[in-house]
Amino acid sequence: MAKTKPPVNKNEIYTLTFEDLTHEGNGVAKIEGYPLFVPEVLPDEQAKVKVVKVNKNFGFGKLLELTKTSSHRVEPTCHVHCGGCQLQHMSYDLQLQMKQGQVHNVMKKVAHLDQVPVHPILGMEEPSHYRNKVQIPVGEKNGEVIVGFYQKRSHRILQNQDTCHIQDEAINEVLPFTRQLMNKYGIQAYDEKSHRGQLRHIMVRVGHYTKDIMIVFVTKTSKFPEKDRIIKELTEQFPQVKSIVQNVNDQRTNVVLGKKTKVLWGENYIYDKIGDLTFAISPKSFFQVNPVQTKVLYDKALEYANIDKDDVVIDAYCGIGSISLFLAQKAKKVYGIEVVPEAIEDAKMNAEINGMNNVEFSVGQAEKVMPKWKEQGLDPDVIVVDPPRKGCDVDFLEAMIAMKPKRIVYVSCNPSTLARDLRILEDGGFETKQVQPVDMFPSTNHVECVAELTLKLSN
């Protein structure tokens, strides 16, 4: 059978009317039924585009000129185009519609659960300046230290991108001042090609509610010339700085942080709150970057868990214990599991900070730990999972199914893997009751969800 040749060729130019959006936020137009995906174009817009890649079933294009614009188009607040904010040309209403549609679509096509209620997405009242953390590369140009995010799909630093409309405004003040200090005191930027130089990255973490600031300098060696003068100027300029840290990363790697961390000034941690709970945050802590929406997400997870005072709960992928402690406010006992030992140490400290003595944290892989707990007679009423983007391993899902909790609450940062895993849990004897999307990352194509499942009566 002859192969069907796509009706377009690379480098051809077309004027097209766009009709839809992909999950990534790319505009979709069709040429003789062949889909062409083009970034930064919206439905109902007409645009002149150049074909840049041709696959068998779809292609990609580049926007050359808009000839008709949508009422949903807005002027981007940032013109740097680092690739982090894929949707900043799109009205917030349309962003929410797109994300809602993505969740509906995977629930239908992947999970085959099109009858399950997907509630209207919970967006932000002020969808800007929400990120409480940045780790930004440092480079050199014409003998001057520069900082900025990498250009999309490259390691070229976009020079002196000191401000970002999704970063906490305190970060936007600290970064340019810090860059000026690096130049003032002659700090040499690291060059990843030659593996020479000193300063690799600058990380800034901010407590959204406490206003605490931590500054982390990631260096190639433990040497840090002029550090005392730099610290003096930083702490005088920003009294809310509570911690200045040096992290040493001597490897040729894209991983930002190395193994050795040393506090140069101040505290080991900064602190922030989610609801009534306080959390200690170290340079390496995984702490949700949008604490406002994290509270919304966790409140919904707690609602779906429907815990009473006699319930025993397992929190898999518990991290630094943030969800665990929310659950412990209602439950008789919470068991948290996490594979990263440092995260468990943070979790134990956070439990102590909040006076929680009904939480027990363990290091290990949940799929191996939970069967042992079951053998020891632990029968959880509720299991809460919050896995990485890849979703849950099949071994873990099978271990969870074998424990037969009354309810499962699945917190997800990837609707596609959520839908895949819901299908497995449905086939294992659980029923998906409802799904709640939450917009944790405005201006980006990411969407979080909380799903509630209950054990079917026949089980």
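Yeah, the Cβs are placed from backbone N, Cα and C, and that goes for glycine too.
The candidate list E267, E338, E367 contains one residue that Swiss-Prot assigns to the S-adenosyl-L-methionine site with Q288, Y317, D386, namely E338. The record from Swiss-Prot ties C78, C82, C85 to [4Fe-4S] cluster, and of the options C164, C318 it ties C164 to that site too. Other Cβ atoms within 10 Å of the Cβ of C164 ([4Fe-4S] cluster binding site) number 25 in total over all chains. Look at E338 (S-adenosyl-L-methionine binding site): DSSP puts it in a strand.
Neighbour counts of Cβ atoms within 10 Å were taken for the binding-site residues E338, D386; the minimum is at D386. The candidate set comprises the recorded positions C85, C413. Of these, C85 has the most other Cβ atoms within 10 Å. When the domain 'TRAM' (7-65) is classified with DSSP, helix, strand and coil residues number 0 helix, 33 strand, 26 coil. Checked against C164 ([4Fe-4S] cluster binding site), the recorded positions Q288, E338, D386, C413 differ in C-alpha distance, with Q288 being the nearest. Each residue in F286, D315, C318, G319, S322, I323, P387, V411 lies on the same chain as Q288, Y317, E338, D386 and has a C-beta within 8 Å of the C-beta centroid of that S-adenosyl-L-methionine site, without being one of the site residues.
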